[in-house]
Each structure stands twice: as C-alpha cells, then as structure tokens.
Amino acid sequence: MIFYPVLFALIATMALALARALLGPSLYDRVLAVNMFGTKTVLFLAVTAFMLGRPDFLDLALAYAAINFIGVLAVLQFFQSREIRQRYERQGR
Amino acid sequence: MTLIFGVFLLILLVIVALAIVRSEDLFAAVMLSGIFSLLMAVNFFLLDAADVALTEAAVGAGVATVLFLGALALTGKEEARHTVSPGGRWLALGVSFATASLLFYASLENPHIGDGSAPVHQHVAPWYLANTLPLIDIPNVVTAVLGSFRGFDTLGEVFVVFTAGIGVMSILGVRHSLVELSGAELDARQRSLRHHLIPRIVGRGMVPLIMLFALYVQFHGEYSPGGGFQAGAIAAAAIILYSLLEGDDRGRELLPEWLLRLMVAGGALLYGGVGLACVLLGGNFLDYSVLATVPSAGQHLGLLLIELGVGITVTGVLISVFHAFARRASR
Amino acid sequence: MAILAYFNYWVFAVLLVIGLYAVIAKTNLVKQLIGLSIFQGAVFLLYISMNKVEGGTAPIFLNGNTERIFSNPLPQVLILTAIVVGIATTALGLAVVVRIREEYGSVEEDDIKAQDVGS
Amino acid sequence: MASVIDMISFALLAAGGFCVFVGGVGVLRLPDLYTRMHAASITDTAGPLLVLAGLALQAGWSLALFKLAVILVFLAVTAPTAAYALGNAALVSGYRPAVVSDESGATDSEGEGHA
Amino acid sequence: MSIEDHLPALQIVVPLLLAPVVTLLRVRSLPWAASTATSALTFVLAIALAGQVATDGALSYAVGGWQPPYGIELAIDQFSVLLLLIISGASTVALVFGKASLDREIGEERAPLFFAAWLLVLAALCGMVTTGDAFNLFVFLEISSLASYVLIAAGPDRRALMATHRYIILGTLGATFYLIGVGLIYMMTGTLNLADMALRIGEVSELRPVLVAAGFITMGLALKAAMFPVHAWMPNAYAFAPHAVSVFLAACATKAALYVLIRFDFVVFLPHLAEHAAQVSAFFIPLAVVAFLVGSTVAVFERNLKRMLGYSSVAQIGYILLGVALLTPLALTGAIVHLFNHALIKGALFMAVVCIAHRTGSVQLPAIAGCARAMPLTMAAFVVAGLSMIGVPLTVGFVSKWYLIQACLEFGVPGYFLAAALLLSSLLAVVYVWKVVEAAYFKPRPEEAPELCEAPPMILASLWLVTLANLWFGIDSSLPLGLARAASMTLLGEAP
C-alpha cells in the first residue's frame, strides 16, 4: 500500500511530461519531455519492482537509466549534424 | 491494483500512438515513438514479462531511436504538407475499420486477462514451468525456453539479426558522391560531441559502467531477466555512446570493420556450431544434453555458449548498422 | 471488471489499426516505417497480455522458490524473437529509405512516382 | 520496528512523489524551455533521491540496495549532463528565453521564443 | 545415430551456417563458388531426403531432442519434399545461370554480402516448408523476407529501391497478420505445434477468435504469396531485382508461402472448422478466376518483359488457388503439380528473358526486335517454355491444366464456366507469348542496334536444362504427379 501514492504521482507526472511532448512547441521542449519521461519510467519501474515483491528486477530500471542517457546524447548529436548540414546547404545555394 | 495502473498506461499508449500518426514533424514522431516504447515496456513489466520489458527498452527506446535519428539526419525531418493521398485515406480507413471490427468481434470471446484457467496456461506452458528445474536446472524459465526448448527459434532470431546486418551493409555499402562536405565542415562534423566537455567526461565514465552492466546481463541471464540479446543491445549502446562522444572515426578505430564483420559472422557461427557439435556427439541438433556427462551440465554449457553467440552477433550487427548510417552522414 | 478483462485486447486492436492506417495512408516513407513499428508493437501487446496470470509473477524462480504462481513464459519467448524481427525490419527499411532519398532527393511517395513516370 | 521503517519509507516515497509531481506541473505550465528545464531539474534530483531512499529502506541490506545506489548515481550524473546538453543545443541554435523582465517588469509569456 | 537421421535439420542448417562463412570470403568469385556449391549440396540433401520419404513415409525430427509440442518439430512428407526439390533446384540453377549477370550487377565489394543473403533465402525457404511449428514458421518467413529484400534492393535500377520498400511494407504487414492469427490460435489452444493444434482446435472451433485467426492467417499468407488483390508488390519487385534473383524468387518464393497456406488450411482448419470448406470455396474460387483473367490481361499490355512475366505469375498463382479451392483430390493434385510445373515454366521463361537482356541490355519489348536471328537457341527455349505456359500437350503446362480442367468438369455446369475461364486465360497467354515471339522473329532488327550474338555457353546450357525439364516432365510426369498425389491424399486426410 505504501507504494500507491508515489506510483500515482509518477503516472500523473508521466502524463504531464507526455502533454509537454505533444504540445512542443520547440524540438527542445520535446526532448526535455522525453528525457523527463524516461527518468520517471526508471523510478516507476523501481517502485513497481518492490510493489510486485521482486526487487531483483531492478536491473530493468538500471538498463533504462543507461539507455535514456544515450538517447538524449543521440538527439544532441542529431541536432548538431543537422545544424552543420543546414549551414552547408545554405552556403551551397 | 496493478491492473488500474496498467489501464492508465495503456490509455497513454493510445494517445501517444495517435499523436505519432498525426504529427507532421518526423522528429517529434521519433521522440514520441521512444516514449511509445518506454510505455510499452512498462506495460510488459506490469504483465510479468520482465525479459521482454528489458528488451523492448533497450531495443525500442534505445537502438530504434538512434537508428531513426540517424536516418532522419539523412532524409530530412519534415513531412510534406499533404501527407495523405485522398484515395489512400479512404482505403486506409476502410481496411483499418474492417480489421478493428474483426478484432473487437473476436476479443469478446477471448479468455479474460489474468484468467489462470485459460488454455495457454493449461497446455505446454505448465510443462516448461515444471521441467525447467529438473531438466535444465536454471531459475529463469524464459531463458530455458528461449535457449533450449525452443532453441531453433532463437537460432532463427540470430539469423534475422544477421540478415539485417548484412542487408544494411549491402544496401548502404554502395559508394555515392552526392554531397562532399568541405574539409572544415567535415572536421566539425566528425568532431561530434568532442568539444562538449561535460557530456564527454561523464559519458566516458559511463561507457565502462554500461559495458560492465552488459556483461552482467549477458552472464546473469540464467538467473535474472536478460540474456544474449539484451546484453548485445546494451553493449552496442555503450559503443554507440562512445562513438557519439568521440566521433564516428574513433568509434571505428576501437572496433575496426573487419572485427565487426568477424563478430557478426562469428556469433551466428558459434550458435550453429554448438548445434552441430551436438549432432557430432550423438544428440539431435541443438540437444545440449550431450555436451557434458551430466545432461543438465551440458544444458548449462550449451546455454552459456549460445547466449554468448547471440550477444556477439547482436553487438556486432547493431554497431555495424549504426556505423553504416553515421558514415553516410559524414560523407 | 468485464471491461478490464478485455481492455488490453481492445488497446491492441486500436494500436494495430492506428499503425495500419499510418502505413497505408501516409505518403512519407519514414512515416510508413514508424507506422509499421507501431503496428508490430501492437502485436507484442496481444501476446504479452495473454501471458499474465492473476496474482502471478514473472517466470523466474527467486532463490529456487517454485511455490508461487508464475505467468506463462512461452509468449514472452515468442515476443523476444518478434521484437528482434521488428528492429531488423526497421533497420533494413531505413537503409532502403536513405538510399531512396539519395537517388530521388525525396522521401515522399507521390514525388518519387512522378519522377519514375517521367523517366 | 518494521512499521516504523515502513512509515519513514512511506513518508520518503510520498515526498518524492510530491517533488516529482510538482516538477511535472512545472514542465507543463511554465512559459518557455529554460524555465521548464528548471522545473524538470527537481524531478531529476530531489525526486529520485527521496524515492530511491524510501525504497532503500524497504530493501534493507541486500543486492537490491546496491542496485538502488547505482541507479541513483546514474540518474544523479546523467540528468545534469542531459540538461547541459539540451540547454547548450537550444542556446547555440538561437533559441532565446521567452521570459525577459524589462524595465516595466512586464513579462512576455509567449512560449515560442525563436530569435 | 547416423548422419541420415539428421537430414531434416541439415537441410536447413547447412545453407544457414554457410551464409556467415560466405560473408568472410573476400576473394574474387569465391563467394559465388561457395554458395553455388552449398546450394548444390542442399539439392543433394533434398534428393536424399526424398529417397527417405519415399521408403519410410513422413519423417519427424525433434530439434534439441525435445518432443513436440514442447520442442520444435521438423515434419517432412511428400509435399514438403516436392517443395524442397523445387527450392534447392531453382537456387542452384539460378546461381549457375546467373554468374555472369550477377558479376556485372553486384560488383566485387558487395558480393560476399549478397551471396550470404542468397543462402539465407534458400535456408529460410527450406525451413518454411519443413518446420512443423507455427511460430518457427514465422521466424523462417521473416528470414526469407528480409534476405529477399536485400537481394531485390541490389538491383541496378533505382526503381529497385522503391520496389523493395513496397515489398518491405507489404511483406511485414503480411507476416504480422500471420503472427496475429497464430497468436489468436495459440490463445485458444495453448500450443504452437501444427499437428497438436489440429488435435486441439476441434474443441474451440466454434469460438470467434479461431475464426478470425483463420482470416488473419489466410490474409497474411496471401500477401506473401502475391495472391490477386494483394499482389501489388510482386511485379515490380521481380522486374527490378537482379536478373538471377528474378529467376530464383519467381520460381520458388511465392510458392513457399502458398505451400504454407495450403498446409495450414488443410491440416489445421479444414478438418475442424465447420464452415471453413464452404468459406474457402466461396472466397477463393472467384478470387482465383479474377486473378488469372486480370493477371493475363495486364500481361498482354505490359511492355517490360520481366513485369509481363510477373503479371503472368499472378495469373498462374490464380490457377493454383483454383485447384486448392475446389477441394477435391483431383484438383488439389493439379494445384500441387502446378506448383512444381510453374517453377519450371517461369524459371525457363525468366532465364530466356535474362539471356536476351544480357545481350541487348534491355528488357523492353521493342529492344528485342529481331533478336531471334542472332540468338536462335535462346529464343527456341523461350518458345518451348511459352508453349508450356499456354498448356500445349507434351509440355508440363499441359499436365497441370489437364488436371485442373478435369477437376472443374466434375462440378457440372458451374465447372464448365470455370473451365471456360481457364481456357480464356490460356488464350490470353497465347497472346502475350506471341507478342514476344513476333517481336523476336518477325520484326527486323533496327539498323542502329548493336550486333548480337548467342548467350555464353554455361548460361545457355542451364537455360536448356530447365527447358528440357519442361519437356521431360511433360512427357513423363510420374515423379511430380506421384508426389503430388500422395501429398493431396495426406492433406485431404485420405489413405493413399
């Protein structure tokens, strides 16, 4: 029972982050929302693992934390390569 | 109570899916499909599928997002204004409506979710649950079924990955001379995130940790969620992280192409070789029991080797695919 | 409770249809692939939904404890394979789309068709 | 004794949940990217700290405790890094803060602040 | 246990495991040689397996030593042996035949990857026709699809890429539909083994998920088999693929999907679902008729020879479907024989077209004008194979059409209409074959066109090997007929 409030809070926050991801408006807002969604998922999984009585499943939360970080850096690199491409294309025209 | 959380998450899932289809910005769609995978994975976890949740997170949210971004960097991120052809829309609506009504029609006579007396829980599956410990002697039933009882499927799975790997290499391996970037641009591009000091230092600390975790997932897969495929995806993610931070060229120095090719082929061969070794030792194909004097020890050895094969091939393929896209970008 | 008993299957149907719609109706090739991955994701949900047993736990014995109720391992194994198939298809599809973009300068289906008719 | 630990754990979890939720509201309601990042940071620092501490009390001395600690370290290290990366990317690409307090103290609450 | 006991597994595993080996061979034409040798070895294994089946009857092999339904079973009977022979034979011939054109189209750098993909298609098709497990079937279906995307995308024309994309989308939709169907059946029966499924589906045959599952599986496999309304991916995919790939895939890829459809329908659904027989007939007979009429008509107006043959395949798949849908032993025998015969016919036709393309550099109708004078042997082979497709006596096409028409006539007046439609479609085949013959024999070679000469000897030899097989099995059709008869008896559940 002690896990319910925090789980509800996490789900609500996930929904809020999702709303931000849908609304945008800028790309960066979406990335922010996705990153936040990811960290909340990590917490959600950690809490659920305890709620289900299987703390050995914390591995999942760990994996998410790592993947989430890589995802954000991939996005950053994507922005950068896009910037360069656009600058290049502007020069080319 | 878990069910209620599940319902919430499923509703979010539908909202995300709708948003993905409606969004005209492909970048936003890719970001949202990352969320889609995460939500899907959480649902899997609530439905007691820990292994699947781990895979979906590593693959769907991690690898797929990186691949889509790599492709978007090459194809442009905007969708054209009129994205739906009028004829196509009606056809799509018709087909979709027909499919949906069929499935709704069918669903009302499905066994209830969580019903322990459903046929799926009465036949075959109880045998796996009852016989994994006596026959194979490992606690993770999913790994036992995956590696041994249905090991032939998993051999196929490795070859699916292998096919995708050689496919991407073959399709993107063609030389082309569309855009030749000037020296300075190329340099800036290849430097990648090298001039971002904070991510770089943190990331460099993370890479070995993630690698270590991948090894844990690989070799602990018989006792907890995980196994070769998940470990391969996580290890590939670590190398991809390194490539993102230090530039694709350094990433390729770390694992040169010949080594990657060897990994791609070697893992698949290791799996198949174990199967053939079983034949030579007098068992059926993939019957690991003959690998050691005690059948369960043979099963252990076989599972260890094939999981290793899966891990090696998956790592090799995912990194090669990433490089194939990244190299296009840097030309 | 009756709603909950089938809820996952309905969500499966809805997701499937959303993905199918995107695949058929959208003209952007990347978008079609995104739709395709939603479409495949829906099927994962179908399989995993049927593996759950009420009050059960994931089929991994904790400290050799086999007394609890365990959910069904088989659909999980199948979906592990299906996820791999999905990412493999996506990777190949994206590679083809990248090449199409290089050859045609566009990833819009009607654009490409127009060019092919012209040539 | 166990119930005392449970109560502390409950309090920590609830507090963590509150922090996270507040951050979530902030991310939705605040006017521009930089203020939103500000709000998001609380869900990335205080939130995980409290929630994972609450879980740690549940876990006791076990492997799970170690894993919780690793998760906390992961989040504590990667969240600021991601925030830096994001803020940097946004700023470099010319995305300017929308909330600029000028002489009259009036604020511009338009969300789209592309310069 | 001796090695013969492991033939069912080796049949799949040998080409499968040699694929990674081939990717590592980076010396000139070694990948080609290795894959041709592997393919030939697979053919030999198929023959050995056919011998075993002929003496011992149907075989079952438990992979991993786990008995079905807990483990995966390979189940081999006359029908699967027939398919194995077609697949491995077509692959070998196409490789030998296609060396020159592949060398030109693929290039040295990509060759190891390309030939590995080829072996994967071969192994996966063998897997599809031998496995006795519904999910394992899906895995092999996907390997074969993914690998054939790679093969088709290697086509030299940029339109090959669009064709591949189309194929990826439709192929994945098809495979996923199949997966949904299997999931629903699994949900109701708890098993994935086809034989076990057939035993257990009777109890739940009235329930909606099973009926819907039958629909999804049929739809999914129809997409893969390029059946009429959902054939859109096929003509372009075959037209723009590298030439040797067209020969290989046209001869056997859609056949394997059709095989799976027939197997699933006859083993799992027909004996146990009450309305299924009527539904199959009501649904497939009209589709089949429309398929062969539309396919032939489009082929008549098509000017790209490879696309023309692609549409002709749509029509031929219609014939097979008609035989299946009539549900009598005679019709089913005709359909199964036509599976075999069509592989020979289409193989020979595609090979002849490729020979012409090899010399003229084009597969458009005007480009071949007057080429018969310079390439008499090639065009003669085309004529023989064309006659075979029309169904002239003493060719294989005649045998299967004879059976199909006889089966139609068993049904009285509606059967007459079916037979008439079949004959009409054959007349259309006369028209499009004649178009090519007319262009090649009776149109003068344009002045400015380059000089032509006969195709290289190795290519010509393999072309004529297949062409003579068309005649041989048309005169003495006991081998395919025997297998087909036994297969149709087993499928219809009657003692042979």
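For all residues, glycine too, the Cβ spot is worked out from N, Cα and C.
Here TrEMBL flags E:133-423 as domain 'NADH:quinone oxidoreductase/Mrp antiporter transmembrane'.
According to TrEMBL, the transmembrane segment annotation covers E:6-25 (among others).
The annotation transmembrane segment is assigned in TrEMBL to E:32-54 (among others).
The transmembrane segment feature in TrEMBL is assigned to E:74-98 (among others). Long-range neighbours of the transmembrane segment (E:74-98) within the same chain, counting only residues 6 or more positions beyond its ends whose Cβ lies under 8 Å from a Cβ of the stretch, are 8-9, 11-12, 32, 35-36, 39-40, 42-43, 45-47, 49-50, 53, 57-61, 63, 118, 121-122, 125-126, 129-132, 194-195, 242-245, 247-248, 251-252, 255-256, 259, 262-263, 336, 339-340, 343, 347, 351, 354, 458-459, 462-463, 465-466, 480, 483-484, 486-487, 490-491.
Feature annotation from TrEMBL assigns transmembrane segment to E:110-131 (among others).
If you look at the transmembrane segment (E:167-187), the same-chain residues 6 or more away from its ends with a CB under 8 A from one of its CBs are 134-135, 138, 141-142, 145, 148-149, 152, 197, 201, 209-210, 212-224, 230, 232-233, 237, 268. The feature transmembrane segment is assigned by TrEMBL to E:167-187 (among others).
Among the features that TrEMBL reports, transmembrane segment is placed at E:207-226 (among others).
If you look up TrEMBL, you'll see E:238-262 (among others) marked as transmembrane segment.
Tertiary neighbourhood of the transmembrane segment (E:282-301): same-chain residues 227-229, 231, 308-309, 311-319, 321-322, 324-326, 418, 421-422, 424-425, 428-429, 431-432, 435, selected by CB-CB distance under 8 Å and a gap of 6+ residues from either end. According to TrEMBL, the feature transmembrane segment maps to E:282-301 (among others).
Per TrEMBL, transmembrane segment is recorded for E:308-327 (among others).
Look at TrEMBL and you will find E:339-358 (among others) tagged as transmembrane segment.
TrEMBL lists E:379-404 (among others) with the feature transmembrane segment. Packing against the transmembrane segment (E:379-404) from elsewhere in the chain are residues 312, 316, 319, 322-323, 330-331, 333-335, 337-338, 340-342, 344-346, 348-349, 351-353, 356, 371-372, 422, 426, 429-430, 433, 436-437, 440-441, 463-464, 466-467, 469-471, 473-475, 477, 481: each is 6 or more residues past its ends and has a CB under 8 Å from a CB in it.
Positions annotated as transmembrane segment by TrEMBL: E:416-434 (among others).
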Notebook entry, point to check: Is the transmembrane segment (E:32-54) packed against any residues at least 6 beyond its ends, judged by a Cβ distance under 8 Å, and which are they?
Noted result: 4, 7-8, 10-11, 14-15, 18, 21-22, 25, 76-78, 81, 84-85, 87-89, 91-92, 95-96, 99, 102-103, 111, 115-116, 118-119, 122, 126
Notebook entry, point to check: To the transmembrane segment (E:238-262), which of E:207-226, E:308-327, E:339-358 is linked by the most Cβ pairs under 8 Å?
Noted result: E:339-358
Check: When each of E:6-25, E:207-226, E:339-358, E:416-434 is checked against the transmembrane segment (E:110-131) for Cβ pairs under 8 Å, which one has the most?
Finding: E:6-25
Notebook entry, point to check: Do the transmembrane segment (E:416-434) and the transmembrane segment (E:308-327) share at least 3 Cβ pairs closer than 8 Å, excluding pairs fewer than 6 residues apart in sequence?
Noted result: yes
